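Colleague: Questions regarding the structure given below will be posed in turn.
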Amino acid sequence: MPSDHINDRRTFAIISHPDAGKTTLTEKLLLFGGAIHLAGEVKARGQARRARSDWMKIEQQRGISVTSSVMTFERNGITFNLLDTPGHEDFSEDTYRTLTAVDSAVMVIDVAKGIESQTRKLFEVCRLRNVPIITFVNKVDREGREVFDILDEVANLLALDVTPMTWPVGMGGNFEGIYDLATDRLLLPEGNSREFHGKVIQTSGLDDPQLDEMVSAENLAKLRDDVELAQAGYPEFDPVAYRHGDLTPVYFGSALKEFGVDSLIEALATFAPPPRAQPAEPAPVEPDRDEVTGFIFKVQANMDPNHRDRIAFMRLCSGTFKRGMKLTPTGHGKPIAIHSPILFFARERELADEAYPGDIIGIPNHGTLRVGDTLSERADVRFTGLPNFAPEILRRVQLKDPTKTKQLRKALDDMAEEGVTQVFYPEIGSNWIIGVVGQLQLDVLLSRLDAEYKVAAGLEMAPFETARWISAEDPKDLQEFIGLNRGAMAKDRDGNPVFMAKSAWEVGYIVDRYSKVKFAATRER
Ligand code: G4P
């Protein structure tokens, strides 16, 4: 396989807090990448798609995107795969798992707000996997905080080195453009709306007298002072530190006015890593291995309400995938022939004839493929590192029509399989318990039970608040613990023992008392 099919792939996600401008930036990236032609298509298309699907009413009601999708665009010979992550404050495990399928991330922050809670949570997930991050500070066309303030906040809150790559010339009402520190180019707005239409002035540096004609005296003096201070105070850009996840280059811009979008694409092309080796057993899988391997990081049901199909999203990790190829899910099942793989483009889905490491392929199936599954030609590897997270909210499921027990069990199992919610079957009693990381997942659950499975159900408080997967080196210790705590024991969908705790305090107490038992807040599948 020609190695450029690997080196020319950039698979990334955008992480941000709601309202920071992720949708706008996504749209502009696709626009600059030629994948769409009119701004507004991402939103418009989103609405059309939502209107088609019943359970997605919930997205419409809340005006948010619950589901993640994949968008591909090309520029200057580089293929960019952008994996969308839900941007609502309530996040699901879906979001986390999507981040296991990317090689790098763009962190969008609002210049007036800095690092917000959701950004921080998502950043922590990236850090766990050393995912390198490019920072985009958005909305500089509006009044915002001092540039130094923002840079220091990123450095201090996230414990990262920061290198400013561009610098805004004024902000809000005084905004006059963006100065690129690496190339000494000044990007200028044009027209009444002060948008960027490609007007770029090459200067010989900040002392260039041209600048006096382009920029107000006040902004120019501040720019010169600030940049001098910044260059003394922040480290130079180091691509190795960036790829280790220790340093983030920071770009300033305005997605709305199209400032900085070009520089961001350029940065992704130049600095962001191509597909990396993926953690697996018995050994990490390098992208240039011949054999086709990949893992499922997401399963989505009913993308098309006319077919009750599911789409499993596979991240290709090695080899050249060809349509019709047979792949075997590790651990269970026979080889399956993949006749209708889907590549996701901004505007439509297309059948994929070939795909390369870093690409995402949608595989239609009827429930055979599960989140966490490895697919490979020879079935001798298993990807690791797709975590299940300890639920932060537990609820008892109350069935309104007792004749629907079977349907309910199927629905709960299905959704656990898709990673929408987790399900726990208590050792004692018949009230099944649902575990989620964010409130929104509960709404999705109820809405789908009703719309897809025709099961009317309610949720009531459970006597537990959180859960831990338990294990022990000596099975006797585990059995003893289970015996003593039977009232708080349950099994997850895969039959693993789970301890349910009444409070975080109880977790601490129990962990201290049973030193031979391991309590895990995440479980790798
Ligand atoms: P999100 O996906 O991260 O939630 O954010 P989104 O892109 O939807 O942007 C949130 C709001 O911020 C939108 O305004 C959007 O127009 C605005 N915005 C995004 N980027 C910029 C920017 O660079 N400069 C300025 N000034 N505004 C920006 P809205 O009024 O909520 O929505 P809309 O009615 O304009 O679509």
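Placed from the backbone N, Cα and C atoms, the Cβ positions cover glycine too.
All annotation found in TrEMBL is predicted automatically rather than curated by experts.
Positions annotated as domain 'Tr-type G' by TrEMBL: 7-276. Annotation source TrEMBL lists GTP binding site at 16-23, 84-88, 138-141.
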Colleague: Counting only residues 6+ away in sequence within the same chain, which have a CB under 8 Å from the CB of V140 (GTP binding site)?
Modeller: V111, P168, M171, F175, I178, F252, G253, S254, F259
Colleague: Under a three-state reduction of DSSP output, how is K22 (GTP binding site) classified: helix, strand, or coil?
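Modeller: K22 (GTP binding site) sits in a helix per DSSP.
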Colleague: Only counting partners 6 or more residues apart, tell me which same-chain residues put their Cβ under 8 Å from the Cβ of D19 (GTP binding site).
Modeller: D110
Colleague: Determine the Cβ neighbour count for K22 (GTP binding site): the number of other Cβ atoms within 10 Å of its Cβ.
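Modeller: The Cβ of K22 (GTP binding site) has 24 Cβ neighbours within 10 Å.
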Colleague: Note the mean pLDDT of the domain 'Tr-type G' (7-276), expressed as a whole number.
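Modeller: It averages 86.
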